[in-house]
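Straight from Swiss-Prot, the features:
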| type | residues | note |
| --- | --- | --- |
| DOMAIN | 9-277 | domain 'tr-type G' |
| BINDING | 18-25, 86-90, 140-143 | GTP binding site |
Amino acid sequence: MSGNKVEVDKRRTFAIISHPDAGKTTITEKVLLFGNALQKAGTVKGKKSGQHAKSDWMEMEKDRGISITTSVMQFPYGGALINLLDTPGHEDFSEDTYRTLTAVDSCLMVIDSAKGVEDRTIKLMEVTRLRDTPIVTFMNKCDRDIRDPIELMDEVEDILKIACAPITWPIGSGKEFKGVYHILRDEIILYQSGMGHTIQEERIIKGLHNPELDKVLGSYANEIRDEMELVAGASNEFNQEAFLKGELTPVYFGTALGNFGVDHILDGIVEWAPKPLPRESDVRNVTPDEEKFSGFIFKIQANMDPKHRDRVAFMRVCSGRYEQGMKMHHVRIGKDVNVSDALTFMAGDRSRAEAAYPGDIIGLHNHGTMRIGDTFTQGEKLRFTGVPNFAPEMFRRIRLKDPLKQKQLLKGLVQLSEEGAVQVFRPIDSNDLIVGAVGVLQFEVVVGRLKSEYNVEAIYEGISVSTARWVYCKDERKLEEFRRKCSQNLALDGGNNLTYIAPTMVNLNLSMERYPDVEFAKTREH
């Protein structure tokens, strides 16, 4: 087993989380650049050249310049093998992002240093809290005018309830951005702008009290010395144990666009971030060093290859080793499958996986049998937990332009809901189809994909639905009574789970009071 252990110990699997426009896609590009995975990083907004960001590869993403789907990239760095999951940054694509966070062992949080903590970051951090995921923080855009760094860290501590330990500290900002002081190494790393795929060789001055610093920085030298005395008294020291518990975050400063500071983060992730962690199942904890293979599906993606109408299920490997041609047991349906063509990814560039280890993400071709949350083992009947469905926040009724295509519409919606792109509800008392999403852009995506993939033209209508809850009751008799009396508010979701569709929050609260034995759940395990 030693070969397996060596491979597992090398892995670092993390996702990047941020508010839209904090620079997440740029960071993703630069992380790949520093890992030599990309020779030329695509800048995100300069689309005229036809140079699209490597991790934004669905048509709609290319049109809009936002990353809609989760891409997976693997590359070596500093003796480790990094699996980076690029999560949708646009605020409307949060549910897919939430689920991706269940497949990683740590997260890199990117904050726009001019703006500080923003609302989408708050929501994403709430999800990482469900599993106490370790967080590394990058204060981006230091080559612009930024807020006071101590103020930024105070805000992270106050709002996100996580202690901050600065690892690097900015010297100046905007046009006067001179570089950073690396606190742990006692080094000044001078800023030299590198754009696109140019990485400037770092110019380093050893020691905060080195006279060389005065020659290079002039009055800034004493300024940073004074500031570091203040910082030492006002901030936390880095503590790896607190970091691994999700209680403390190491903080780095830099500019992703200027190719500066990204390698400092990667060094920290390699040194401190956890290697693949054990996973909870309904039976027991599964550890990465177990001999037998196991993994779970956290995302399903249609049409990764425009030439084929295929669907790929993304699997996080949890234990053992994937080998080409191996037999896996699909626990939910109780069937064995031979897998010879699993994929590894370089953001849309796919290649056949020869082998994969815990922490790795592989793609399985899915012909409609796999769902989000499905567990695969080498025979053991266990189910990994903690891959949630979140109650949608917005609803529309969907209607066909051509009524004869009802069958294709339903098929398309169910497949898109299994993929996690949207949720679909079929009211018990009517033939309506209701689509639920976490943001407006998801509705657009669904109509676009129904047209291009299923040849179905659909339109939306408003509907008075405020929220949805999955309903459960241990007492069959009481559940039957509830179904009978509330049928006008009940629907089945894409997986045939009973759901309460509330026209208003007042209506929901009244029903919850009236039926105390019925559980109204905001999330549902897949």
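Every residue gets a Cβ built from N, Cα and C, even glycine.
Sequence features annotated in Swiss-Prot and their locations in the structure.
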residue	record	DSSP (3 states)
Ser18	GTP binding site	strand
Lys24	GTP binding site	helix
Thr87	GTP binding site	coil
Cys142	GTP binding site	coil
Practice task
Return the residue, from the listed binding-site residues Lys24, Thr87, with the maximum count of other C-beta atoms within 10 angstroms of its C-beta.
Solution key: Lys24
Exercise for the section: Looking only at the domain 'tr-type G' (9-277), report the model's average pLDDT. Expected result: 84
Problem - CB contacts for Cys142 (GTP binding site) [other CB atoms within 10 A, all chains] - result: 28
Exercise for the section: Among all chains shown, work out which of the binding-site residues Ser18, Asp21 has the most CB atoms within 10 A of its CB. Expected result: Ser18
